[in-house]
Amino acid sequence: MSQTLLDSLNQKELTETSCTIEIQAAFILSSLATFFGGLIILFLFRIALKSSRSWKYVKGPRGLLELFSSRRIEANPLRKLYFHGVFRQRIEMLLSAQTVVGQVLVILVFVLSIGSLVIYFINSMDPVRRCSSYEDKIVHVDLSFNAFFSFYFGLRFWAAEDKIKFWLEMNSIVDIFTIPPTFISYYLKSNWLGLRFLRALRLLELPKILQILQVIKTSNSVKLSKLLSIVISTWFTAAGFLHLVENSGDPWLNGRNSQTMSYFESIYLVTATMSTVGFGDVVAKTSLGRIFIVFFTLGSLILFANYIPEMVELFSTRKKYTKPYEAVKGKKFIVVCGNITVDSVTAFLRNFLHWKSGEINIEIVFLGETLPCLELETLLKCHTSCTNFVCGTALKFEDLKRVAVENSEACLILANHFCSDLHDEDNSNIMRVLSIKNYYPQTRVIIQILQSQNKVFLSKIPNWDWSAGDNILCFAELKLGFIAQGCLVPGLCTFLTTLFIEQNQKVFPKHPWQKHFLNGLKNKILTQRLSNDFVGMTFPQVSRLCFVKLNLMLIAIQHKPFFHSCCTLILNPSSQVRLNKDTLGFFIADSSKAVKRAFFYCSNCHSDVCNPELIGKCNCKIKSRQQLIAPTIMVMKSSLTDFTTSSHIHASMSTEIHTCFSREQPSLITITTNRPTTNDTVDDTDMLDSSGMFHWCRAMPLDKVVLKRSEKAKHEFQNHIVVCVFGDAQCTLVGLRNFVMPLRASNYTRQELKDIVFIGSLEYFQREWRFLRNFPKIHIMPGSALYMGDLIAVNVEQCSMCVILATPYKALSSQILVDTEAIMATLNIQSLRITSPTPGSSKSEVKPSSAFDSKERKQRYKQIPILTELKNPSNIHFIEQMGGLDGMLKGTSLHLSTSFSTGAVFSDTFLDSLLATSFYNYHVVELLQMLVTGGISSEMEHYLVKEKPYKTTDDYEAIKSGRTRCKLGLLSLDQTVLSGINPRKTFGQLFCGSLDNFGILCVGLYRMIDEEEPSQEHKRFVITRPSNECHLLPSDLVFCAIPFNTTCGKSDSSPSIQAQNNSTNATTPLAQGSNFFDSHHADESHDLYPVDDTGERWSQHHHSRVYPLDTLDASDIVQEK
């Protein structure tokens, strides 16, 4: 009995181990025969199909040919429609998981593939060379799985467009090398592992299955699942191959070098090989195994080095940047969203953290829509104490909740200046504002806008509140406003820029002028509440006291008149305005510590203090408060016009004003004064827009302003402004309206307005013209600034300034090339040399010449004044070389270049710093916008957008029109009213004398670089806020804030007559064949740039007609888009 049982066990063991090489070869050859046989058959049918096309009639069944072809025979369309339009379409929908049945089918195939792989793992516990008996139940389960795989393979084969391509797909190869051996095992009544490890490649379908089941939804989850499936399937497949060859041995040695290696040991070997080069405890002994390890090591270097770290990063980053920001009570923070890149974050942190000089008390939370790159992550780590990054978007409430917007101090939105579509960039940022305001209406929002016409939509957003600190920084408006000021007053563009840039680079000046310029760079516009000891004093008195006693330059105040509740900014107000309690003052100073002296000043304690540094907070308890009882404002009825613009006008002051507002018929507001008039004719009537801020004219057709080169003698321009624009029919609009508006400000008389001549593509100006058609004295010359003939045709040699605007953004490989056209145009214009007119000649002569002529030639010719805009500040070295300057201020910074110090170049890169300025002190930005945009404030703009009618008295309408606001200009020391100031050896003496006698506020100097070697081309540089002890030179020009009704001509006898003779703008010098610089160089016969044409206070514009500028319609934006 026992002997019979022993024999039975021995027979079973013999049956399980008797898997000969012939049986193994049968399993392998079945797969190879299926693969290559099927491939040959497909190629033969493809060849037969192509051969049949040469026959007129094809004999035999056609459906079989179509089945194996990648194309279709066009006969019998009804049959094709039936088989391939119905049945085939349903199969494709099943296989693509577009239906519920298809999704179930795909999931079922994946689950059965994993089940077949599990069966392989179970069978791999036995030696590879042992064949399992067919009586094993697991074999029947595996056979049923493979039968289903065969059915699925047939469906895929039927639905495939290209059968040969399908045959070579990875999933097809897996089925071909795993399904046939299963049926062979049924015939041989034995089962062998063989190549069934290839089922592990089905794990690559894992991301698709998880998406169907909606387990993963985010892009990071999909990416992580793909990486994970690639790594795992590679491990299992490589381990299966090693398990097979190491247990079977090399075929040519009949397996004599085989070794027993479990599947787990194979996975261990593969893992060790991927991560390092193995540890030597488990190694491959067969030649096939070692060859496989060699190639697998090379592939694993790529796989492990790229995929594994990326997976780890996804695991850690997802948790790190998706968790909500925890707002700590008492800790202030802001949210920054929009364009979050390395460059934008770098610029923002540099400007934002500078305000507190290293003292960090506000945390910055960046809300980025994508995970930070390595460079940005490194930057954030350098500021880890004050920065946080959260991945999300401001368009979703859940992301806004994660960054706790409702608890933030403000939400700042960054714009991408280098985007290809400025309109889309603005629209996306406007949508962010709308989302933030809808989520929490009280959130303070500061946004960067690229195009000024898009500001209209922000004012219409519910809960937008200017008074709560909501602010708009429009780059096009500010940039072109700066350039326009540089056209009105040479050097003013640089003067204003120096007040907002921060110079941290150490520079060692070699020349005296460099020292003066660098000292000016230290000054900034700062604000400070004024001491209540100044209450009741006039602005000139306070400004003089601050200058002499406190060593501070007070230039403007925020004033609150008694007849309405709003505050308005006033630059250099007249003596009729007296200070109220807690008046906000605007200073040009070098530190916030210095301006605090204006707050601490006490008339009792500091009256005898001579050193401004000693003025600090005093312990005075009892002060004389008689000034507090004094009237806050003392205004003469005849002097109402001395007030400046206010944004809120009460309707209760309305009298006898006839207004008519409509889009088709512009509004007409006629202002009539009761003052005595002379020569009151219709020709003298000025037309203004509805705000009274800008000169207006009826819409002009474009063809009326287009100039022809052949009619040069017909339009002999002099003292005009030439603007070179590089644009075409497809590029983004620059927004020339923002450039023209400051040049058409109403505080200049109609006679003072200079002609503006644009040179550029006519197709481009056709797109811009609807924004410019209501401004007077605008002309267009079709052509290019790169063509000398077009420049000469517009009398560029007689212009007061030639502006070269940068090319609209283009996607280029190098950022150096963005300024190519601007640099070449600058070179083209600088090559022109203008001879000074001889005594017998009334016109100057233009001659092309090299920019590097001898010194004698430089003395004979003069250059055309140029202001070039650069998008890339590093391109300044091209301008320096062409300007003939030797780069005496060494350094790569544009703001340290000689060209910048002379006012010859401008770049808007510093405007990024205004975002931080607007957050800490939005009053400074308000003043800047008022200075560079022609006097309009954000609150006034709110009314302009709505076209809200003003119903006021006649006198106050004159105030509202803004015509009485100060003008910035240049005055010479000898040929203007400044010549009557004595003594005036130092800037301090000049400041006090001009303020006391004329109400003129001196703020800076425009000085010659080399006084000892004067020439026609001599350059001047800007000195911002000179020191009180700065000695003046006879050739100095003075930057001044000049009251509207002040006569600036040198007075010898009658003021009114002298005003008509001497108070001129720069038209006169250029009309005589010279330019602004020559007028002060040769004999300095002309004084002011610019001044009024009228001399007496009461005779300013007896009749003024006011019209609205055409407001931007949303349809125009859509049409332009």
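Backbone N, Cα and C define each Cβ position, glycine as well.
Swiss-Prot annotations:
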type	residues	note
DOMAIN	331-473	domain 'RCK N-terminal 1'
DOMAIN	718-889	domain 'RCK N-terminal 2'
INTRAMEM	260-282	intramembrane segment
REGION	836-858	region 'Disordered'
REGION	1052-1076	region 'Disordered'
MOTIF	276-279	motif 'Selectivity for potassium'
TOPO_DOM	1-24	topological domain 'Extracellular'
TOPO_DOM	46-101	topological domain 'Cytoplasmic'
TOPO_DOM	123-137	topological domain 'Extracellular'
TOPO_DOM	159-165	topological domain 'Cytoplasmic'
TOPO_DOM	210-226	topological domain 'Cytoplasmic'
TOPO_DOM	248-259	topological domain 'Extracellular'
TOPO_DOM	283-290	topological domain 'Extracellular'
TOPO_DOM	312-1121	topological domain 'Cytoplasmic'
TRANSMEM	25-45	transmembrane segment
TRANSMEM	102-122	transmembrane segment
TRANSMEM	138-158	transmembrane segment
TRANSMEM	166-186	transmembrane segment
TRANSMEM	189-209	transmembrane segment
TRANSMEM	227-247	transmembrane segment
TRANSMEM	291-311	transmembrane segment
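For the transmembrane segment (189-209), same-chain residues at least 6 beyond its ends with a Cβ under 8 Å from one of its own Cβ atoms are 19, 23-24, 27-28, 31, 97, 106-107, 110, 113-114, 116-117, 120, 123-124, 128, 131-134, 136, 139, 142, 170-171, 173-174, 177-178, 181, 216, 222, 225-226, 228-230, 232-233, 236-237, 239-241, 243-244. Between the transmembrane segment (25-45) and the transmembrane segment (166-186) there are at least 3 Cβ pairs closer than 8 Å, counting only pairs 6 or more residues apart in sequence, which means the two stretches are in contact. The helix, strand and coil residue counts that DSSP assigns across the topological domain 'Extracellular' (283-290) are 4 helix, 0 strand, 4 coil. Beyond its flanks by at least six residues, the transmembrane segment (227-247) meets 117, 120, 124, 127-129, 193-198, 200-207, 258-263, 266-267, 269-271, 274, 284-286, 288-289, 292-293, 296, 303, 307-308, 310-311, 314 of its own chain at Cβ-Cβ distances under 8 Å. Residues 26-27, 30-31, 34-35, 38-39, 42, 116, 134, 139, 142-143, 146, 149-150, 153, 156-157, 160, 192, 194-196, 198-199, 201-202, 204 of the same chain, all 6+ positions outside the transmembrane segment (166-186), place their C-beta atoms under 8 angstroms from a C-beta of that stretch.
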